[in-house]
């Protein structure tokens with residue numbers, strides 16, 4: 001038993017220095033049978049000769065012995081010695097029961113049973129307090145446990161049943177068979193290890209010592225097995241193994257573990273070997289063993305039935321899974337074909353839209369050129385007609401005696417107009433008289449009739465507007481209104497109504513509001529003339545209030561229209577200035593037809609305020625940008641402007657707290673990304689697990705959405721999209737990912753408000769992500785078109801080669 005225990009420790013050292021357990025085992029077997037046979041031939045010891053009957057009888061013994069030793073070495077390779085001792089200490093209990101079942105011995109008495117239980121409890125306690133318990137391969141430990149129990153029982157049975165000349169014969173036959181089997185195992189498992197093995201003095205010494213101990217262990221083990229029971233043999237081996245392990249190695253268990261080992265030693269010393277059973281007990285044991293065997297067979301049959309049923313169910317389930325896999329593959333192929341077809345149709349549609357946009361842009365520019373030419377011709381015709389009308393009007397004025405205009409109009413009158421009247425007109429209410437002595441009503445009547453009789457052309461209209469803006473004219477209107485008991489602040493309104501009545505055809509359109517205002521202006525003009533001529537103005541304040549109500553109602557409807565028309569004229573002027581001038585027939589450029597931009601902006605400011613003026617300036621700027629766009633780039637520019645406007649609107653909604661649009665856009669992005677990885681089920685599962693727009697919406701609806709969830713989603717989506725980009729776009733995508741990560745990290749560090757973070761950063765992130773995904777789709781479409789072109793070219797070349805006449 002000392003050899004066996006020392007063998008355990010030396011084997012651990014040999015395997016540590018030479019990591020080739022099969023070769024170490026082969027060396028021990030070869031040394032054992034070779035030394036025994038050599039000493040037998042030399043006459044030193046008595047060794048049985050080679051006989052086929054004995055050789056056949058020792059084959060199972062060698063196989064069991066070899067399996068036990070090999071499992072022992074493999075266990076020591078993956079576990080330390082102390083852990084191995086723990087498992088070995090529990091084997092006597094199992095072997096004692098197996099001896100009662102198969103080898104005809106009695107069950108252990110109460111003392112021995114308590115010793116075995118104490119051995120098992122001490123082993124468990126050692127395992128609990130062990131400071132170096134280590135197992136990396138439980139399969140080898142379990143295999144060794146089963147093989148060791150079988151080895152102890154079967155070899156005890158074989159030693160008692162097989163007749164040999166001496167104990168050296170058992171050593172010779174066992175190691176001879178084991179050497180042959182170990183040679184095959186070593187050649188199959190460790191050829192590469194032996195080629196790369198490094199030999200040292202320590203490794204060779206350990207191998208030599210293990211070989212010498214192998215010879216001694218084989219001899220003394222067979223003698224001991226023949227003398228005591230298998231359980232007693234196992235207990236002795238355990239005791240000596242623990243003792244030698246404590247003496248040699250410096251790394252042991254804790255004090256509590258050593259106390260448990262001491263308990264196991266005491267229990268082993270108190271163990272009494274169980275005696276052989278009587279024939280009656282043997283018959284009872286055989287009957288009991290047979291009943292146990294029958295029970296095991298029945299359980300095996302039931303287990304086989306359950307296994308067959310389970311196997312049938314597994315096969316059916318595998319068939320269903322295979323059918324589902326085939327169906328899913330077909331669906332994926334169909335989806336891929338549909339997606340390819342959809343991409344092709346979208347590419348065709350985009351190309352058609354681009355061509356259509358180019359054609360529309362060209363037609364629009366041509367129409368603008370023609371409209372500009374026609375407008376120029378009409379303007380020239382109107383200018384010529386106005387000049388003719390002014391000439392006729394001047395000729396008529398010279399032939400008749402016109403009313404004398406007031407002296408502050410700045411126009412020359414007849415000579416007798418300069419003399420003041422000898423009898424000044426009466427002044428109602430003490431109103432101040434003019435330098436010529438006339439009252440405010442006379443002056444206003446004279447000016448209104450004079451301006452009403454002017455020629456109806458653009459030049460006279462501008463002159464009338466200048467007359468209305470004069471401070472003297474406004475002061476005259478206010479003075480007369482004060483005379484008749486009206487609010488003098490309505491002087492500008494009075495003059496404006498007079499201008500509306502005169503220029504109704506030019507100022508008003510066919511809308512119901514304009515028609516009503518035109519009728520009211522003409523009515524007011526008639527009542528004004530009647531009050532000025534007759535001097536009876538008692539009802540005029542009521543007429544003024546009525547006209548003011550009509551004007552306020554009309555202004556509320558017409559002011560936005562006027563502002564819109566002014567903005568349109570400003571945009572048209574800006575486009576005309578930015579566009580290249582179209583020369584006329586004489587070769588000169590067509591001049592601008594509108595008033596200055598500053599005057600138009602001033603009118604817009606007066607009508608709509610500073611906000612309307614700012615919007616008009618922005619529209620003018622955009623018109624200038626659009627005018628410089630080439631016809632072939634018009635569709636692209638319009639698309640960019642539309643996208644910018646869309647994302648601006650989205651950001652405004654997010655800043656206002658409306659997150660519904662964000663979840664819709666996230667859902668569309670998720671579908672687009674899933675379509676890009678439709679060919680990979682693993683990628684789809686990962687994307688669906690980390691990017692779930694519906695789950696985010698549920699969190700937001702229930703108030704459980706957190707800033708970390710949003711930032712993590714942004715970083716994941718950004719890194720995923722960047723990984724899909726082409727090498728040419730990778731630097732740009734990497735820079736975008738870094739900016740997203742920086743924004744997310746800053747928000748988390750500052751503990752930013754979730755609503756503010758989404759309103760400020762989510763819309764630009766979604767815009768950039770949609771742009772990069774669209775770029776991926778464009779590249780896929782381009783690759784598909786290139787592949788289709790190459791396939792068509794190859795097909796055409798093949799057809800041409802097939803149709804070519806054969807050469808002689």
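Please read every residue number as a count from 1 along the shown chain.
Heads up, the Cβ atoms here are built off N, Cα and C, so glycines get one too.
Unlike curated records, TrEMBL annotations are generated automatically.
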Segment assigned the feature transmembrane segment in TrEMBL (from 162-183, 228-249): 228-249
Secondary structure tally of the compositional bias 'Low complexity' (790-799) (DSSP, helix then strand then coil): 10 helix, 0 strand, 0 coil
Segment proximity, the transmembrane segment (57-73) to the transmembrane segment (85-103), 3 or more C-beta pairs under 8 Å: no
Considering the transmembrane segment (20-45), which listed stretch of 57-73, 135-155, 204-222 counts the most C-beta pairs under 8 Å: 204-222
Sequence-remote partners of the transmembrane segment (204-222) [C-beta within less than 8 Å, at least six residues beyond its ends]: 1-4, 6-7, 10-11, 13-14, 17-18, 24, 27-29, 31-32, 35-36, 159, 167-168, 170-171, 174-175
